[in-house]
Amino acid sequence: MNKKVYKTLEYNKILTMLSSYAACDETKKRCLSLEPITDLYEIRHLQTTTADALSRLYKDSGVSFVGIHNVHASLKRLDIGGALNTTELLRICSLLEVAKRVKAYGRSAMDNEKQDSLSGLFAGIEPVSALCDEIKRCILSEEEIADDASPELFKIRKSIRGMNDRIHAQLTKLMNNSTTRTYLQDAVVTMRDGRYCLPVKAEAKGNVPGMMHDQSSTGSTLFIEPMAVVNLNNELKELFIKEQEEIEKILAALSDKVAMNAAALEQDYEILSELDFIFAKANLAKSYNGVAPDFNTDGHINIRKGRHPLLDAKKVVPIDVRLGEDYKQLIITGPNTGGKTVSLKTVGLLTLMGQAGLHIPAADRSKLAIFEDVFADIGDEQSIEQSLSTFSSHMTNIVKILEKADDRSLCLFDELCSGTDPTEGAALAISILNRLHQYGAITMATTHYSELKVYALSTDGVENACCEFNVETLSPTYRLLIGIPGKSNAFAISSKLGLDENIIEDAKSRINDNDLDFEDLIASLESQRQTIEKEQLEINSYKAEIEKLKKQLEEKNERIDKSKDKILREANEEAYKILQDAKELADKTIRNFNKYGQGQAPMSQMEKERSALRDKMNDKEKKLSDIKKNTAKANHKAPKKLRIGDSVLVLSLNLKGTVHTLPNAKGDLYVQMGILRSLVNINDLVLLNDDVSPAKKYGGSGSKIKMSKSLSVSSEINLIGKTTDEALALLDKYLDDAYIAHLSSVRIVHGKGTGALRKAVHGLLKRTKTIAEYHLGEFGEGDAGVTIATFK
């Protein structure tokens, strides 16, 4: 690819930014030399690794790669039998510490997550912790080996300390001698050539026997090693030699261990430097909120909300650019400082960044094409040495572009063919654009020439664009508007700035009528565009509000459905429980009947328990009724159309009947239920199909019991021939069944006789809470041998 364009589009500045996020020196160099590539699959792979690293950064912060060192040279020396020094060993230790840290980060960042493109790299890291720990144990710094690096070194250094103490004691003894002290310049011990000496006055040289190792610059002081410590210094020197030999053994042993792990170290360095590079790209993307664009080889560009990465993100106005699909050339017109050049550079720079595997500062679903070459003629690139004019400089560059451009090229021109006669310049510009159009090159060009606007309007595959300008504020908005040619606004701006209107009108009269009409047409189109855009914003606002209300309604309906299902479920559970309790009560009643019928307990006890059971049954009946009302409310819709004779279920009574009259204005109508005709409201009815029983559809098993009861319970009971206890037990159960079956009244035949049975029956009726009133039968009803009881 043409490398000259890197500087023109400021791609090199992006690489400098990228290198600032790298930790390793080798990675920094790699960042600064990063170039765009043209292989689609490799580009997608690079974008994927950057995206996965960015995802990890957002999810689990980052990890430091500081401490990575290139160990290739050290490992190569080990191959030829050399040993490593402390600096090299500490760098290897540093590399292993980074490996351990990064390995842990890779594991924690992906806990409970699926594998990504970086998982293999993290898995390939081998920290070799034992080697790292051994190096840290033995080497304290580049200049210091630990005493306990080996037992022998510990022993030698202990001897050195002992010898030092002996020498210092001997020299101190000499200095404390009053005679010797007069020969010394200072009462201090010094070291020369690795041997302990005393500073002796030059004139007292013969008074202190020993070996002279040095003298001061003035010659007034001689540094003499007294004979009393010569042998001790010799022994100390031997100990230092032994110490160095032992240190070399320790370093050699560590070097051997490094050599044993050379393959792992090579792999760790390669992986860590690769991850350092990938995370540098991710951190760069994070700094400008970058995204991975979609790539194609069809020349289609669709940058959504693109921003120039070198401009202040808080101030830059995002642009939308579509190019290469419906049209292959985009001609941008408009006033200076309106953002035309920035738009050109943004498209070119984002293309280079994307093909280099870098995320671009744009919105999701942005699309970039892969180009074999990117050409740009932007700015004043004339050479003083070449003595070229502005026009000649640009034309020289354009000639080179025309020689190399093809259908896999992106060509960018700023003020194409400016700097010469406008008529000739416009003609040249159109011809150059036409040639590039024939090549199939994707082209963007900025211009002030009105002729190029006409060229774009009259040529297939060429589109106009402009950078919006606010005439009221005399400032550009920096928005790129595709499909609309730009207007110079010279007259409007001059008028706003106070230029005499007569001068402006005179200037207009000097313009060709066709040109003036064309400019007026552009102004009209721009006004219409702004109106349409404003209306579109309002429509979008309404649509957003409608979507919001729709979502709220759907959520409300969902809550209602869930509540309805919950009510039905709880109702069924409660109904089942009530029926179970009722069954147990019935069983207990039967057991008590058998028990008391056999005379095993007093009558008062039986009546007491019967009364308690009846109260419980009444309570269960009320609960079941409430549940059925709630169930009906949750599941019921009133019938829309009723005809006389339709089968219906009266929810409040849980009885099946037929429509006897049509509903009135209030929705009230008469329903015939057996011998009972009742006035009900239409909202209390459910229209039944002939093939669906009301019990099955609306009442569950409880409704089945009630319906069967209403069909089987007689309105009369005959107690003649029964003992008092038997009669009362039968009557008590009969009254419960009749009440449950919704009978309004019953006829109790007890006979006249002695009146004892009648008296017992009346006593039971008096105690029964469901009985509203009772009386002996009148003439024709059975007279005193019958009692008529009416339910509440």
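Using the three backbone atoms N, Cα and C, a Cβ is placed for every residue, glycine included.
As the structure is a computational prediction, the values presented were derived from the model and not from experiment.
The feature ATP binding site is assigned by Swiss-Prot to GLY334, PRO335, ASN336, THR337, GLY338, GLY339, LYS340, THR341. What Swiss-Prot records for 717-792 is domain 'Smr'.
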Practice problem: Using all protein chains in view, find how many other C-beta atoms are within 10 Å of the C-beta of GLY334 (ATP binding site). | Solution: 25
Quiz item: If you count Cβ atoms within 10 Å of the Cβ of THR341 (ATP binding site), leaving out that atom itself, what do you get?
Solution: 18
Quiz item: According to DSSP, which kind of secondary structure is GLY334 (ATP binding site) found in, if we only use helix, strand and coil?
Solution: coil
Practice problem: Going by DSSP, give the three-state secondary structure for THR341 (ATP binding site). | Solution: helix
Quiz item: Counting every protein chain present, what is the number of Cβ atoms, excluding its own, within 10 Å of the Cβ of GLY339 (ATP binding site)?
Solution: 25
Exercise. Please work out the mean pLDDT for the residues of the domain 'Smr' (717-792).
Key: 84
Exercise. Provide the number of Cβ atoms within 10 Å of the Cβ of LYS340 (ATP binding site), excluding the reference atom itself.
Key: 27
Self-check item: DSSP-assigned states of the domain 'Smr' (717-792) in counts, ordered helix, strand, coil
Solution: 32 helix, 19 strand, 25 coil
